[in-house]
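Comments concern the structure below.
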Number of protein chains: 2
Amino acid sequence: MSDRVIKVGLCGFGVVGQGVFNHLQKRENDLSDQLGAKVEVARIAVRDTSKKRDFDFDSSILTTDPLSIASDPEIDVVCELMGGTGIALDVTLEALKAGKVVVTANKALICDHGEAVFAAAEQGGGQILFEASVAGGIPVIKAIKDGLVINRFSSIYGILNGTCNYILTRMTNEGASYQDILVEAKELGYAEADESLDVDGIDTAHKAVVLAYLAYGRWVPYKDILVQGIAEVTQEDIAFAKENDYAIKLLATMDVAHASGKLYISILPTLVSKKYVLGSVDGVFNAVSIHGDVVGETVYIGPGAGRDATASAVIADVVDAAKLLVAGGSQFVDPAPRGGERIELAEPEEIKSRYYVRLQVADKPGVMAEVTSLLAKNEVSLASVTQKEVEENAASATLIMTTHMTTEQAILDAVRALEESSSVEGKPFTMPISSFES
Amino acid sequence: MSDRVIKVGLCGFGVVGQGVFNHLQKRENDLSDQLGAKVEVARIAVRDTSKKRDFDFDSSILTTDPLSIASDPEIDVVCELMGGTGIALDVTLEALKAGKVVVTANKALICDHGEAVFAAAEQGGGQILFEASVAGGIPVIKAIKDGLVINRFSSIYGILNGTCNYILTRMTNEGASYQDILVEAKELGYAEADESLDVDGIDTAHKAVVLAYLAYGRWVPYKDILVQGIAEVTQEDIAFAKENDYAIKLLATMDVAHASGKLYISILPTLVSKKYVLGSVDGVFNAVSIHGDVVGETVYIGPGAGRDATASAVIADVVDAAKLLVAGGSQFVDPAPRGGERIELAEPEEIKSRYYVRLQVADKPGVMAEVTSLLAKNEVSLASVTQKEVEENAASATLIMTTHMTTEQAILDAVRALEESSSVEGKPFTMPISSFES
């Protein structure tokens with residue numbers, strides 16, 4: 001064994017940071033044996049040096065200045081585990097410009113500043129690794145950039161947010177409302193105090209942007225993605241799904257149209273067949289299905305969050321970096337295919353699917369005729385309509401419809417027209433019905 | 001871009017070799033852009049230089065001597081795609097001793113000669129990469145050695161043979177016999193003319209040995225593994241599975257006992273709950289479930305064979321090697337943890353499971369008493385017994401039983417005792433009933 005030491009600086013020492021520290025310590029000898037070099041946590045940036053931590057370590061390696069780690073010539077690998085896009089971005093850019101490897105779990109940072117981050121890496125000869133930013137402990141980023149390197153990807157489908165999948169699964173199993181499950185999920189630590197990043201689909205969209213860059217080489221602006229969360233899913237939707245052998249999943253869809261080559265990305269509650277593997281991935285688990293032109297479909301399932309699962313992914317990147325450093329040097333390699341900036345995004349009129357539509361309508365004569373005629377005007381043709389028996393004296397009824405193949409634009413237009421109708425109460429709820437086969 | 005060229009020699013130019021050549025050619029520019037180096041197929045060893053091939057290429061790069069490629073100082077990466085353990089082994093050892101990277105899809109070679117191959121790689125400073133040897137296009141080897149590098153593995157379960165899974169799936173869906181489906185599978189190209197390597201579990205065992213080395217660092221001799229194929233599975237077994245919400249899978253099991261640290265490996269038809277993800281992986285698909293102590297369970301599903309899926313995996317290794325060569329040099333890194341030679345194998349009396357037992361018995365008084373007493377004597381206690389209504393004049397009846405938790409040794413002993421009984425016809429068929437949860 002050589003006496004080469006790969007020096008790691010941890011910026012951020014919260015749940016994930018301490019997980020990384022702990023597991024690197026525990027397996028230090030194993031790693032040394034395999035790599036022919038020691039991987040050592042040489043410095044740690046914290047907010048409060050006096051705070052008690054879960055693990056023992058030499059407190060002299062602590063600093064309150066993460067930027068001093070980013071610019072420390074002794075440090076080879078900087079783990080950015082602070083989160084946010086403020087100081088985390090400064091640290092990342094500084095370290096990359098200094099030619100270091102930056103390992104991050106920060107999908108918001110990569111999503112919002114990916115272009116600047118990659119430019120800094122290229123300019124400084126650094127490297128940015130971010131396995132932990134998508135799908136937690138599942139090595140899906142390495143799968144796309146290494147394992148499937150020779151493939152082009154016609155589509156990627158992901159269940160990328162464990163909180164949403166947990167809530168939807170419990171709603172399905174227990175018949176309880178979204179609100180009730182959310183409250184319990186918060187108590188149990190499966191949802192954050194401010195749940196909006198998760199349940200509104202924002203976190204999933206961040207991750208989809210990261211995957212899309214890796215697969216297609218294009219930074220898709222967040223604002224160009226149709227994003228809808230799970231807060232509007234009701235037991236009526238769950239019941240429909242169960243009766244028809246579907247599960248409702250918050251699905252990230254990335255799809256390249258065969259004919260036009262245009263890329264479509266959306267984050268939407270989606271009816272997924274229970275016969276298809278993603279339809280049976282429940283609870284906090286994440287899953288990603290990747291369609292490669294050479295390999296065909298491969299699917300990856302595992303824990304999408306949690307201290308140890310995330311630490312497992314962060315450390316995988318640290319070790320990857322260490323291997324390259326031991327081999328002779330790490331240098332910038334863009335993991336994405338070239339030419340992505342030329343990929344156009346598909347317009348809603350180019351996106352085809354079957355849809356599920358749920359409406360609250362006034363219980364009075366002529367409503368059904370009005371609703372169906374509004375849909376027909378927008379070129380949405382119905383495959384099925386169900387109105388449950390209305391209780392005596394109820395002022396409104398729930399209509400559940402499925403459509404034949406139509407376009408996303410047609411559904412958006414139809415929903416707008418329905419919203420404006422005096423017969424329809426509130427906003428209609430729609431979901432695509434996926435055409436996955438088992 | 002530098003003008004660095006990574007020179008690849010293909011030894012073997014059959015289905016997979018031509019797939020590798022084709023896809024490397026098609027994506028040559030993409031790869032150059034990403035790697036900053038050109039990946040070039042510089043030489044190809046074939047048996048017959050005059051044979052017509054599916055792709056155009058400069059015939060001057062052909063040779064009939066694969067060893068000349070292994071020793072060619074111009075060649076950086078040798079792809080051993082000939083198969084077998086004769087000349088393929090010579091080529092592999094020669095290239096590794098010369099410090100080259102060898103990429104192979106040859107599980108039999110790694111299984112039977114892994115120790116010698118790794119020793120040659122270490123001695124010569126070469127590298128042996130074998131992503132394509134297990135689970136075809138699914139990058140599961142990279143997952144274990146890179147993505148999950150910080151983990152120790154309590155267990156790995158795999159559906160590793162597409163032919164077996166295809167036959168079992170069709171038996172389940174169509175109610176046809178093993179023999180009928182096998183004949184059709186051969187006609188359709190899903191089974192080889194000589195099917196024994198696949199259906200007898202030998203191919204699966206080869207792959208399990210490779211995975212076990214990666215995960216545990218121990219080369220388990222093939223003869224120490226309990227291997228049973230799928231040829232004895234009947235429609236009675238399939239019917240039992242269906243009725244009880246199981247699927248029958250040829251399952252590779254690698255399991256480390258928590259208390260003793262001993263390793264258990266078996267290849268057995270197994271009743272797997274349909275609620276568990278591996279119970280729903282059908283057709284030619286492979287799947288691997290990996291339990292890591294840091295990450296938890298991750299599952300990988302995809303095509304286990306085929307020209308392009310295998311080529312995708314071979315090329316992933318070639319590109320991995322190219323990245324290291326570009327970074328400064330590829331050198332031997334043993335992907336397995338140290339200390340594996342100290343891991344003991346578990347004995348059959350240490351293995352616990354519930355079992356399914358199917359017997360053909362004489363239809364005469366006292367048989368049930370004899371069978372159950374033989375089982376009891378061997379400490380196998382029954383959870384259920386079914387004897388289907390026997391047809392008038394039938395001389396024998398089928399008994400289907402499930403046991404409570406017992407040991408593998410007890411089942412082996414009980415089966416032996418039953419075989420010797422004059423009331424039992426032929427050999428009893430047994431399968432473990434997996435305790436996987438959904």
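Positions of Cβ are set from backbone N, Cα and C atoms, glycine also.
Taking the Cβ of A:Lys207 (active site, proton donor) as reference, residues of its chain lying under 8 Å away and at least six apart in sequence are, in sequence order, A:Lys107, A:Cys111, A:Ser133, A:Val134, A:Ala135, A:Gly158, A:Leu160, A:Asn161, A:Ala252. The active site, proton donor feature in TrEMBL is assigned to A:Lys207.
DSSP assigns A:Lys107 (NADPH binding site) to a helix. According to TrEMBL, the NADPH binding site annotation covers A:Lys107.
A:Glu192 (L-homoserine binding site) is surrounded by 14 other CB atoms, counting those within 10 A of its CB over all protein chains shown. Look at A:Glu192 (L-homoserine binding site): DSSP puts it in coil. The L-homoserine binding site annotation in TrEMBL covers A:Glu192.
Here the domain 'ACT' (A:356-432) returns a mean pLDDT of 92 for the predicted model. What TrEMBL lists as domain 'ACT' is A:356-432.
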DSSP residue counts for the domain 'ACT' (A:356-432), split into helix, strand and coil: 24 helix, 32 strand, 21 coil
Around the Cβ of A:Lys107 (NADPH binding site), the count of other Cβ atoms that are within 10 Å: 25
